[in-house]
Each structure stands twice: as C-alpha cells, then as structure tokens.
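K.L.:
Not my notes, these are from TrEMBL:
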- 6-25: transmembrane segment (TRANSMEM)
- 46-66: transmembrane segment (TRANSMEM)
- 78-95: transmembrane segment (TRANSMEM)
- 107-128: transmembrane segment (TRANSMEM)
- 140-167: transmembrane segment (TRANSMEM)
- Asn174, Asp236: Mg(2+) binding site (BINDING)
- 179-201: transmembrane segment (TRANSMEM)
- 207-225: transmembrane segment (TRANSMEM)
- 232-252: transmembrane segment (TRANSMEM)
- 258-280: transmembrane segment (TRANSMEM)
- 307-326: transmembrane segment (TRANSMEM)
- 332-352: transmembrane segment (TRANSMEM)
Amino acid sequence: MYFLAFTSSLFLSIIITGLARKVGFKFRFYQKPRKRDIHRKLIPRIGGIAIFVAFLIVSAILIYIFRDDYFTGRLWKKAIGLLAGGAIISLSMLWDDIRGLKPWQKFAFQFLAAFVVIASSSGIDYLSNPFGENVNLNSIYIPIATIHGVTYHFSLISDLLTLIWLVGMMNVINFVDGIDGLAAGFSTIAALTIFLLASSVAVSQPGVALVAITLAGAAAGFLIWNFPPAKIFMGDSGSMFLGFTLGALTLISGGKLATAFLVLGFPIVDGLIVAIGRVVRGKNPFTTPDKTHLHHRFLEAGFSPKFALIFMYIIAIAFAWVALRSSTSNKLIAAGILVALLALIIFVLNRIRNYRERVKKQGL
C-alpha cells in the first residue's frame with residue numbers, strides 16, 4: 001500500500017514535471033537569471049504545479065478508497081482541509097510565478113490557506129513538557145459563530161501559533177529554494193521522516209503515513225528534474241506548497257513540532273538567521289532577497305553547489321534519524337546541538353571565505 005502510494009506519485013510527478021517544462025518553454029514562463037542566482041540560462045519556473053497535481057491525484061484517490069478505514073472521524077475533515085489549503089496556496093503562487101503578485105497578496109493567500117487548515121480542526125493544541133504535564137493551549141478562546149447548534153471558537157493561543165507555524169513553514173521552504181535540489185530534497189527527507197513516524201507501531205497513524213509517503217514521492221519525482229544542473233524550477237507554487245503541506249502534516253500527526261524542527265532544522269534556523277539579519281540592516285525579511293543563506297555561504301567559500309547540497313542532505317538525514325529515535329527531552333537537546341552546529345558551520349564558512357578573499361587580493 002505504502003509502496004504503491006510512493007511509486008504512483010513519484011512516476012506521476014516525473015511525467016507531469018516533464019510536461020510542465022515543455023509548457024514553460026512554449027509560453028516563456030522562464031526564471032531569468034538574477035545577480036544572486038547560480039544559473040545563467042533561461043529555465044522554466046512552473047514545476048511546482050507538477051508536485052501539487054501528482055500529490056493531489058494520488059492522495060485524493062487514497063483518501064477516498066480508505067475513507068472508512070484510515071480517514072474516519074476528524075481525520076477525514078483534516079485531510080480535506082489539507083488538500084483544499086494546498087490547492088489555494090499552489091494555484092495562487094502559480095499565478096505569482098506566471099504574472100506576479102504583490103507581497104500583501106501573497107501573504108493574504110498564505111493566511112487563507114492556513115485558516116482552512118485551522119477550520120478543519122487541525123492545530124497546535126498543546127506543547128509537550130518533558131518535565132511534567134503537557135501545556136494546554138486551548139485555555140483562551142473567543143466564540144465566533146453558532147451554526148446548527150454548534151458553536152465555533154477561535155482559540156487565541158492555539159490558532160495563533162498554528163497560523164504562525166504554517167505561514168512560517170511556507171516561507172522557510174521558499175527561503176531555501178536557492179540552489180538546485182535543496183527545497184525538493186529537504187521536503188522529501190522531511191516527508192519520509194513523517195511517514196516513518198506515523199507508520200511506526202508506537203504512533204500507528206496509517207492515514208497520515210499514506211499522505212506523507214505520497215508527498216515524498218511527488219517531491220522526489222520533481223527532484224529528478226531539479227537535481228543540479230536543474231532542468232526546471234519549482235517556483236513559489238512548489239516551495240510554498242511543500243512548506244504548507246509539511247507544516248500541516250506535522251499538525252495532523254499530533255503537533256510533533258520538535259520532530260519537525262529537527263528534520264527541517266537547517267532551513268528553519270537558517271531562515272531565522274537570515275530574517276533577523278535583514279531586519280537589523282533595515283530590510284524587509286520577506287521581500288528583500290540577498291546572498292546570506294547557508295547555501296550561498298557554501299558557494300562563497302568556494303564549494304560547489306553539489307557539495308553544499310549533499311552536505312546539507314547528510315545533516316538533515318542525521319537529525320531526522322535522531323528525531324525518530326529520541327524522546328521529547330532528548331529532541332530538545334538535539335535541537336540545541338543543531339543550532340550550535342549551524343552557527344559553527346557559518347563561522348567556519350565565513351573564515352574560509354575571508355581567507356580566500358585575502359589570498360585573492362594578495363595575488364597568491
């Protein structure tokens with residue numbers, strides 16, 4: 001069942017990505033090389049729609065087939081919310097890739113997709129406390145409306161954190177989509193980790209596992225086209241969709257944020273560092289791109305894009321393994337180690353870059 005879900009979305013993604021590439025060339029939906037870009041050729045940037053369509057087709061079929069077995073009760077509602085929110089973010093960002101949207105319009109669609117997930121009963125309801133009882137986040141709520149005798153509420157802390165988490169995840173994956181294969185590779189690793197966790201005996205969430213392995217297949221199928229040198233880019237329609245779906249899956253699987261942080265720790269911490277740096281310099285953290293991301297630091301230090309890519313893959317896989325094998329308290333320790341490791345890598349890369357610049361100036 002899981003193998004069929006993965007291979008179906010994998011091959012469907014490969015086929016649709018190839019078609020999207022042809023459409024991109026035909027209608028000139030190119031990514032023109034910018035100053036901060038590595039590529040110097042015209043490359044189609046609408047590949048993200050292939051990831052979404054492959055995921056949507058396979059997951060919708062699986063959800064329908066197993067609706068009475070694995071998607072009963074609230075999980076059915078959550079799954080529909082995930083697909084609907086994914087459609088909103090993917091299609092709106094596809095329009096941005098083709099015609100362009102203003103920053104406030106992009107954020108409006110991001111918030112709309114996040115609200116769809118919240119309305120489908122997915123959210124961060126509690127925080128695990130390794131030293132005592134879990135922290136309930138639904139203690140403060142505001143009644144919104146009563147429909148057919150059912151009162152709907154906005155949970156001030158839970159829903160607000162959920163909103164921040166989903167919008168943050170969309171932008172984190174978008175941030176790291178700076179070198180070929182990085183966003184698709186990270187997303188594949190993260191989706192596989194969620195699958196392994198959800199399909200384990202201890203957790204036993206076959207519905208979540210099916211959706212996660214389907215996402216992994218769709219991302220991996222695109223990665224075949226996007227691995228350096230890339231033949232097509234995913235654009236915001238791909239990176240935002242992947243970030244949204246990964247964020248939503250962690251919520252549906254029980255709000256395992258510590259696990260998600262470890263798996264996607266590199267892009268999350270890197271995104272935070274870059275955003276803080278932009279704010280300090282008086283720049284907009286979301287609309288002012290620069291070359292301060294970790295992958296850019298690797299390139300400035302003289303490493304090849306493939307080396308940077310494989311290095312970050314290895315780190316992501318290592319911490320994914322830790323996430324699967326550790327308790328909550330150990331995950332917190334591992335998260336601290338991850339932050340320290342990233343800081344060390346940035347320090348070393350900066351030293352290498354400075355040394356190379358000194359040597360170049362001296363003409364050695």
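Each residue's number is its place along the chain shown, starting with 1.
Cβ atoms are placed via backbone N, Cα and C, with glycine included.
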K.L.:
For the transmembrane segment (207-225), name the stretch out of 107-128, 179-201, 232-252, 307-326, 332-352 with the most CB-CB pairs under 8 Å.
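P.N.:
Between the candidates 107-128, 179-201, 232-252, 307-326, 332-352, the best contact partner of the transmembrane segment (207-225) is 179-201.
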K.L.:
Have the transmembrane segment (179-201) and the transmembrane segment (78-95) got at least three CB pairs under 8 Å, pairs 6 or more apart in sequence?
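P.N.:
Taking Cβ pairs at least 6 residues apart, the transmembrane segment (78-95) and the transmembrane segment (179-201) are not in contact, as fewer than 3 fall under 8 Å.
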K.L.:
In sequence order, which same-chain residues at least six apart have a C-beta under 8 angstroms from Asp236 (Mg(2+) binding site)?
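P.N.:
Listed in sequence order: Gly48, Met93, Asp96, Asp97, Lys106, Asn174.
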